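Data block below; observations after.
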Amino acid sequence: MASPRRNASHGAAAAAQSDSPTCTAATPRSRFAAELSTEAFDEPGPGEVPPAKESVTATVRFRPLSSREIRQGEEIAWYADGETVVRSEHNPNIAYAYDRVFGPTTTTQQVYDVAAQHVVSGAMQGINGTIFAYGVTSSGKTHTMHGDQRSPGIIPLAVKDAFDIIQETLNREFLLRVSYLEIYNEIVNDLLNPAGKNLRIREDLQGTFVESIKEEVVLSPTHVLSLIAAGEEHRHVGSTNFNLLSSRSHTIFTLTVESSPCFESNEGETVTFSQLNLIDLAGSESSRAETTGARRKEGSYINKSLLTLGTVISKLTDGKATHVPFRNSKLTRLLQSSLSGQGRVSLICTVTPASSNCEETHNMLKFAHRSKHIEIQALQNKIIDEKSLIKKYQSEIRRLREELEQLKRGMFTATPLKDVTEDNTILWKQKLEDGNVKLQSRLEQEEEAKAALLGRIQRLTKLILVSTRETQTTRSSQHPGTRRRHSFGEGELAYLPHRRRNIIVNSKRNELVIPMEGFGEALEMSPKEEKQNRKGLLNWFKLRKRDSGSATLACSDGGNSRLTKSLTAPSTRLEDGINFLPEQRTWNSMLDENVPADLLSVDLGKFPSDSSPVEDMLSVQSVSRKSEILDDVDLLREQLKISSGETVLHSNVVNHLTEEAGISKMNKQIEQIASLESQNAADSQGKADTLELAPYYAEILKQLNEKAFQLEVKTADNRILEDQLEKKASECEELQEMVVYLKEQIVQALQIDEFLPERIRLQLQTGISRDVGSQVHNDKPLSSVVCEKPLEYTSQSEVDELKQRLRELTEAKAQLEVRNKELLEESTYARGLASAAGVELRALSEEVTKLVKQNEKLASELASARSSTPRRASHSPRAARKGSHVERHEPGGKRDTNPSSQREQAMEMVLAEKEQREAELEKKIEESKQKEAFLEGELANIWTLVAELRKAEGNCQDDSVVIHDSVVDHEP
Ligand SMILES: Nc1ncnc2c1ncn2[C@@H]1O[C@H](COP(=O)(O)OP(=O)(O)OP(=O)(O)O)[C@@H](O)[C@H]1O
């Protein structure tokens, strides 16, 4: 069995020897396609010959003369003599042979097929590979390596090819990782991680590596291209005399490939491991370059490292060299393992034919020619190492699957019931119900665990790339002799700049010209636009709409448009795939590593083959684009689901961690401290004002307290007064009752009088009145007293006396009645007075309450005035009041317009009113006191009257007794 690797190693050379004037991609492609059979991964058997030695593939790519060079009248100094030789125009003896020489109209795809594809396919089989573009500044290195949408460079083509290879390799699994770095002024920076600056180069048994460089596991060409576009954003670019946007750093894009057979047992399984380095070197600068400052420094670093690279290559090709100075520059140090023969190397020497760069170009050609003689051995790197990432993922997936299986088994294993008899049926039923509940919760838990496991398996599985083709279709069933090439989708092209740096400064006329690729035509574009263009993805998105507009304009330009030309140019087949539609989606969302691998792979059936006619291709491409869009929509949906799930998970974790770390506690404390601080600040601000107003406020408080105390005393006095008044009123009532009683007695007495002689009647009346007095005193009923009295007869004189006495008594009685009436009136008056006093007191208390409220209001106003007044003059409140008073009354005095002093004045007025009110209240209290005194005097008078009455009654009683006695004495 012939080793496919041997075929591969000679791919480039074979192509170089082709007689065909144009590069037909079919030959190399078919050869490399043959390598993609599973046999390519087979180890050489015991009797097999190890892979033959290969040499570095050296190719030369001419670019067309730029508009600037044409305008400057530059002549052609170098030209391609056939497909393998470069000759000097000035000296026919100077000629160099290479594996292949590409003319100015060759497309990058053609360059890729010859100079890069065998390296890429080798890398997919475990053979390290390095491809780099080398040349003077502005010779087309970046154009060749990165390219643009119309002409994707070696890097995007390689990436696309790598994924195509995965798709076509049926029984192997792949894990791809990428890293992207730049060497700027001998400093290594990570372009995928802006924080990764000045990284160290380290060495281990497997070779040199960059410490802490970020490696991203990638899932699709779009994913990789987006990473490169993001990395390009950080690359150092600057304008030079020859290139407005010249690369000022070397970049190394590394694709790390791990692969292992799909369905074999894990034990002793072979994993291949390789690295594909795609290098865009900074251009060497001629001594003629008028650079200064930073550019000069950059230029010297670039030249030094390129010189070291030249030295290393010459030493490697010189069989006698004992020491190869790899360590003299970071570039050669990093390329050490590649250049020292452990993998395939392809050098693409980019050349400008212009005579102005004749000497530099000559050096480049010499260098490329020499490097062709470096011998390499394309060995497959095999690792039986459990530490390989793909192995790790695979064993993790296996473990998780086993766990899942166990879980599933556990979930559905149920213990059968034994001994179910009729007696214990109820018991079993109960047990079953209990068990059911428990089982339910366990099932739920296990379901959750299962879902988590499945999710993890899914995520890990997605990182491992496998072909989505179900059955192995032989190449013969497709297009014999060719391997399917997948055109770039819109999503992938989105990550390439719309147009590369086709800007060349015309230093004489100070204008910018952009030659169209392959045609040398120029299109005006501002440096700003070009810079944006150069910046990659995001800026490209911004420009895209306008670009589409300009494309429409150009197409409608009578069919002479440059764009129309370029789109239909037969040399740029990929250009047909360019779509100027407005952007349809955000590609950044595809960067998540959870994207399903099956969705990422391109459906082969939907892409046109190389041999398809252009018309067919366009129609099929529209179908393929549609399916791509559908795929991408599915993919985005899937990813959105995963992302949202993960977001929730992450936020939960973050919350949990935050709680754990006691951040919330700390925050609370910080808030407390902040509030205390703010309080403190407010306090200190108000302190000054408080100090000023304190005595004033204290005085008001004192007054208030005094008034409250007085009010309390007055209320208590009032209560006593009321009690006394009530007592007196009840006494008055008793007196009235007595008077009424007396009247009745008199009336009765008068009725008896009608039947008795006058004397007896008089005696009786006297007796009655006397008895009534005593009986009233002894609380006996008057009638009984009257009945008990014996009738006695008196003499005429005595009768007269008695009559006289009666008259007197009647008069006294009348007087008494009058007096009684007066007393009654007085008591009513006193009562009215008392109630008036009560009302007065109530009003007084209300006044005091109002006063208290006013004081409170005043105090609050004072406080607010204090807080709003930033600073006040340090005069006392009274003085201020006085002052404001004076101010108010000052004729023609200036009015204070300050709002705080106005407020002060208002407060002072309120205070004055309050004082006035207090005075009024005091007056009223005085009046009520006087009324009280008057009432008391009146009461005293009543009491004396009552006393006098009693006294008079007592006399009357004595008199009646005397009369009674005399009546008895004169009885016959
Ligand atoms: N083969 C080509 N066909 C058409 N145009 C080309 C080709 N090669 C280069 N160019 C144009 O020449 C200009 C300079 O190319 P590029 O920037 O790739 O040079 P470079 O070697 O990378 O320069 P530097 O070393 O300064 O970075 C660009 O405008 C580019 O589009």
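Backbone N, Cα and C atoms are what each Cβ position is placed from, and that goes for glycine too.
According to TrEMBL, the feature region 'Disordered' maps to 1-52 (among others).
TrEMBL lists 17-27 with the feature compositional bias 'Polar residues'.
Annotated domain 'Kinesin motor' per TrEMBL: 55-374, in sequence order.
Annotation source TrEMBL lists ATP binding site at G135, V136, T137, S138, S139, G140, K141, T142. For the recorded site, V136 (ATP binding site), the DSSP three-state label reads strand.
The region 'Disordered' feature in TrEMBL is assigned to 861-907 (among others).
The compositional bias 'Basic residues' annotation in TrEMBL covers 872-883.
What TrEMBL records for 884-897 is compositional bias 'Basic and acidic residues'.
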Have a look around V136 (ATP binding site) and count the other CB atoms within 10 A of its CB, chains all included. 24
Quick one: which of the binding-site residues (V136, T137, S138, K141, T142) have their CB closer than 6 Å to ligand 1? T137, S138, K141, T142
Given the binding-site residues T137, S138, S139, which one has the fewest other C-beta atoms within 10 angstroms of its C-beta? T137
Least crowded of the binding-site residues G135, G140, counting other Cβ atoms within 10 Å of each Cβ, is G140
Count of other CB atoms lying within 10 Å of the CB belonging to K141 (ATP binding site): 28
Within 10 Å of the Cβ of T142 (ATP binding site), how many other Cβ atoms can be counted across all chains shown? 29
